[in-house]
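Database features, via TrEMBL:
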type: DOMAIN; residues: 5-281; note: domain 'Carbohydrate kinase PfkB'
type: BINDING; residues: 13, 14, 15, 41, 42, 43, 44, 45, 141, 240; note: substrate binding site
type: BINDING; residues: 185, 208, 209, 210, 211, 212, 213, 239, 240, 264; note: ATP binding site
type: BINDING; residues: 234, 236, 270, 273, 275; note: K(+) binding site
type: ACT_SITE; residues: 240; note: active site, proton acceptor
């Protein structure tokens with residue numbers, strides 16, 4: 001099988017991670033247990049997830065002209081992700097995410113920095129990159145006009161687009177209409193369709209519901225693809241792993257239910273390790289895990 005080509009357009013951040021026994025109350029200072037810096041950003045995370053699962057991956061995004069930016073570029077290259085379309089900017093710092101992990105959960109504050117310096121015009125030289133993709137993958141940590149432009153270019157060239165609407169915000173109607181799939185979690189789903197009838201878009205919806213699994217609709221029929229039960233260490237990169245795996249499986253032509261099962265398996269494996277990208281599984285791990293699940297049924 002030829003490797004599918006996935007183009008990810010999105011954020012590139014450095015994650016500043018603090019591990020603590022519990023979350024502090026308002027106005028309270030507590031001692032943490034551990035601190036680390038790891039590559040992150042929803043875009044970069046999803047790019048790494050797709051690359052580890054066997055795709056040719058190209059990243060479109062922006063970083064600052066600083067040490068974090070240089071480190072993140074090297075990290076993506078080491079994962080086999082093409083960074084020829086990553087824009088360095090001098091007037092903004094590289095994006096960061098401050099992440100606190102406790103009680104098997106996480107809380108995140110993102111400072112976008114260079115990610116918000118990306119403009120629709122920056123995409124013009126990369127139209128052929130988008131057009132030659134099997135699947136394009138987007139999130140909302142970059143400016144919404146950039147998302148609109150990518151969806152428009154991909155639609156014009158007949159390229160499938162997955163829009164992961166996170167962080168949650170309403171989307172323009174044209175994005176909803178032209179996206180091949182929308183992958184909100186339950187919270188994001190409520191915001192996405194707050195003042196709109198979602199019935200028109202259910203066949204595009206893939207709703208992640210955490211430990212319960214993933215909800216899909218095909219020909220008007222609702223179906224829950226159950227998740228896998230694993231020991232949880234860190235949930236930070238689970239959603240990004242799911243979306244990267246989803247893009248790969250769709251590009252390979254898997255049926256939707258099989259695609260979601262594959263993505264569920266990748267996401268399950270990702271939460272068994274600390275760190276968003278560090279925990280992302282490789283193809284052989286996912287296939288071995290799925291085979292083991294089949295044997296145990």
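Each Cβ is built from the backbone N, Cα and C atoms, and glycine gets one as well.
From a predicted model like this one, the values you see are computed outputs, not experimental measurements.
Sequence features annotated in TrEMBL and their locations in the structure.
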{"residue": "13", "record": "substrate binding site", "DSSP (3 states)": "strand"}
{"residue": "42", "record": "substrate binding site", "DSSP (3 states)": "helix"}
{"residue": "209", "record": "ATP binding site", "DSSP (3 states)": "coil"}
{"residue": "234", "record": "K(+) binding site", "DSSP (3 states)": "coil"}
{"residue": "240", "record": "ATP binding site", "DSSP (3 states)": "helix"}
{"residue": "270", "record": "K(+) binding site", "DSSP (3 states)": "helix"}
{"residue": "275", "record": "K(+) binding site", "DSSP (3 states)": "coil"}
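Fewest other C-beta atoms within 10 Å: among the binding-site residues 13, 185, 236, that description fits 185.
Here the CA atom of residue 236 (K(+) binding site) lies 14 Å from the CA atom of residue 185 (ATP binding site). Of the candidate binding-site residues, 44, 234, 270, 275, the one lying closest to residue 213 (ATP binding site) when CA atoms are compared is 270. Apart from 13, 14, 15, 41, 42, 43, 44, 45, 141, 240, the substrate site neighbourhood in this chain, defined by C-beta within 8 angstroms of the site C-beta centre, holds 10, 11, 12, 39, 40, 95, 97, 276. Per-residue confidence over the domain 'Carbohydrate kinase PfkB' (5-281) averages 94 (mean pLDDT, predicted model). Residue 270 (K(+) binding site) has a Cβ environment of 32 other Cβ atoms inside 10 Å.
Residue 209 (ATP binding site) has a Cβ environment of 15 other Cβ atoms inside 10 Å.
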